[in-house]
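Some notes on the structure that comes next.
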Amino acid sequence: MTTPTPQQPYPGGRPHGTRPPEQPPQAPGAQPHTYDGQQQAYGAQQQAYEGQQSYGARPQAYGTQQTYEGRPQAQAYDGQPQGHGARPQAYDGRPPQAYGAQAYGQPLPPAGEQPVPSAGAPGPAGQGAAPVSAHRTGSPIIPPGLQPALLTVALSALTAGGALLGRPALAVAAVLLQAVTAAGWFRLNGMWPARQGIALAFLAGVVADVALLIAPADRGPGVIMGTLGVWIPLIVVQQMRHHGSPDERLSSLTATSASTLLAVLAAGLLAQGGHPVVVGAVAVAVATLVRSVRLPGPVSVAVSLLAAAAAGYGTVHLAGWPVSWTVVAAAAGLCALIGLRVASYDWPSRFVHFTAGVALPLAVAAPVVWTTAWLLAK
């Protein structure tokens, strides 16, 4: 009978058939013990790479899940490296990283040094970019065109015919010019309806016309200045009753005063009368018509001025009037171009073109025709 050989114990020191002692519950995030009570090298490396953290740490790397005992489950795809694809590093003896530290044991930069994307900077692909406000770089300056130019030609012809017939006939053309000027100026300044302002400006022009018809011909400057001296204070008093904001009152006062000034100065056609008005009206008509032709800006201005001077010279030559009145034609043509430019404001409306665009060339030229003819007569 052979003596039974005693069984060799297992490497862990436990007899065969005995139940291993129960391990105490581990804290969340603690490294699990191996079967033989010692940490395995590969498991330690894996835990060091995954950066298991204490309670409250950031979520683990993509692809790992925490079980109830705190043991990481296997990756969904066998052989796929954990984390971001880097090779696992050996365990360096440092404790698991707490909240606020990066992987691989490197601390995060201070909170104040976090890069903050600037406002309006384009984001990565797939993200909505910051809205960019559209800035209007400019607006077109559109001249009145051919149809208003034809109406200006008709109004100039009416003025020239009235000057040849006499002052009462010229007064009819002047009243029509003053009415269109008053209405167009307010619409040009964006004030519509402005019945009181239009009525004041037009009434001032009519008063100047009547006074010029009554007064002697040599009293024209005094009549015009006297009309303005009475009407401007009336406008100021009327604007004091305005219940808008200070900016609105200032804009209304400026527009009403300017419209009144243009209407009264247009009465200068009656102050001068006669042949110089005919020359000036012809020059305004020709300059406006040529300017309506589509040409480059500087070329159009130069051609319009030359055409106005040539038309004035042809008129005085055919009528046998003094050649010096060609200067009146050139000055009237220049003022007509200025009036057209004023009426060609940004984003103009059709109403502006058919009021201010029609009347301003002749209304701006009227006081210059009167002044130039008076200077040439000296």
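Even glycines carry a Cβ here, placed using N, Cα and C.
Per TrEMBL, the range carrying the annotation transmembrane segment out of 149-166, 221-238 is 221-238. Remark: the transmembrane segment (325-344) makes no contact with the transmembrane segment (250-271), by the rule of 3 or more CB pairs under 8 A. Of the ranges 169-186, 198-215, 221-238, 300-319, 351-377, the one with the most Cβ pairs under 8 Å to the transmembrane segment (277-293) is 300-319.
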